[in-house]
Amino acid sequence: MLSVAARSGPFAPVLSATSRGVAXXXXXXXXXXXXXTPQPPVLDPKRPILSRESLSGQAARRPLVATVGLNVPASVRYSHTDIKVPDFSDYRRSEVLDTTKSSRESSDARKGFSYLVTATTAVGVTYAAKSIVTQFVSSMSASADVLAMSKIEIKLSDIPEGKNMAFKWRGKPLFVRHRTQKEIEQEAAVELSQLRDPQHDLDRVKKPEWMILIGVCTHLGCVPIANAGDFGGYYCPCHGSHYDASGRIRKGPAPLNLEVPTYEFTSDDLVIVG
């Protein structure tokens, strides 16, 4: 028997071989046994090198073309199947969901519904704004006690004929004059062309014998003196304005007649001013 041993070099740790020679007439048989070895370790895969040659295959080979038009369908890229393309179907009305159907048939109905909603909303907003403005304005108005003080009752029997009495009303002097028949006829005969602020005597009174005026001069706010002046009515001592028995400016710097307040005769002997 012949034994041969050979060095396997760097593979010695993992390989082992035996060869034997037998002198006989039969054919020589050689048996080789390989010991079981573990799997070699897996190395990191080779990363591709980013170069012009490696990237040229991924670029487009033909020019890119974009098509724009009213009837051109929108392009959808299906590279990712997990992305849902929005079509806004949930926000569209049922009449216009079908893209192949014309929307002109349902145009009138849709417009009518929109107009109805808009008109209803406008009416509601207007009513709400009216209520808010009304409450705001009413909050600024005078209270009941202030309104009660804004009126004054005057007993006419206390004022003799030909006399003028002064009262305090809303912080201003109030003149109530009981005119004689001569004063009534004299003031009614005055021509409007002679007046700076033309106004007939009958337009300033409700009863000719009673003349009710606010005693504030229309020039600078002084208080005139009754039964004085060149015309027997009122005279302002501040700057010399003369008024007649109807409270009309006749001479001096005052531009307007004396103001006539709002009043009402509740009886023959009682008048309420305010």
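Positions of Cβ are set from backbone N, Cα and C atoms, glycine also.
What Swiss-Prot lists as [2Fe-2S] cluster binding site is Cys217, His219, Cys236, His239, Ser241. Under the three-state DSSP scheme, His239 ([2Fe-2S] cluster binding site) falls in the coil class. Within the same chain, residues at least six positions away from His239 ([2Fe-2S] cluster binding site) with a Cβ under 8 Å of its Cβ are Cys217, His219, Leu220, Cys222, Gly252, Pro253, Ala254.
Long-range Cβ proximity for Cys238 (disulfide bond), meaning a same-chain Cβ under 8 A and a gap of 6 or more residues, is found for Cys217, His219, Leu220, Cys222. Swiss-Prot lists Cys222-Cys238 with the feature disulfide bond.
Broken down with DSSP, the domain 'Rieske' (187-272) shows 8 helix, 24 strand, 54 coil. Annotation source Swiss-Prot lists domain 'Rieske' at 187-272.
If you look up Swiss-Prot, you'll see 79-103 marked as topological domain 'Mitochondrial matrix', on the strength of similarity to another entry. Here the topological domain 'Mitochondrial matrix' (79-103) has long-range neighbours at 109-110, meaning same-chain residues at least 6 beyond its ends whose C-beta is under 8 angstroms from one of its own.
For 141-274, the entry in Swiss-Prot reads topological domain 'Mitochondrial intermembrane'.
Helix, strand and coil residue tallies for the topological domain 'Mitochondrial matrix' (79-103), in that order: 6 helix, 0 strand, 19 coil [DSSP].
Neighbouring residues of the recorded [2Fe-2S] cluster site, listed in sequence order and excluding Cys217, His219, Cys236, His239, Ser241, comprise Thr218, Leu220, Cys222, Pro224, Cys238, Gly240, Gly252, Pro253, Ala254 (Cβ within 8 Å of the Cβ centroid).
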